[in-house]
């Protein structure tokens, strides 16, 4: 998700990077609430049983992002205008990717079940969201600050690197899933 946030910030500005990051933070909020409120233990067998399906969807989503990133424009979009459709797509696609990432699901269920109590539920859930939101804000604003110093060639290289990373992650996920199924 970090690579996607960086690439979107470089291509479309800080607002799109923040929309991507806050999509991820929304998933973290939902999973932490789910786990801390005791639903994690109920869902864990189902999640583990469907991990292959989640993994395939997540891998294909990464491959789709890789193709879109590779085909994307090198020119910077104007950051002063807020394209609500672009921002909504960035936010919703980050949510979709986050919810289908089996590693995120399993880590949240395991970690929050181990470290939570009912009396600490609200502060823990809020802390997860705030921590995630702060991280994505720092990442997006740092990248946006560096963005003005990048040449078109550097942007092209970063786009290619990001698409290769996404392609590699998606392909690796599919290979690991295939190995588990054999």
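Glycine residues also receive a Cβ, built from the backbone N, Cα and C atoms like all the rest.
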Of the residue ranges 21-40, 121-140, the one that TrEMBL records as transmembrane segment: 121-140
From 142-160, 161-179, the residue range that TrEMBL assigns the feature transmembrane segment: 161-179
Spatial neighbours of the transmembrane segment (48-67) far in sequence, C-beta under 8 Å, 6+ residues away: 4, 93, 96-97, 100-102, 105-106, 163-164, 166-167, 169-171, 173-174, 176-177, 180-181
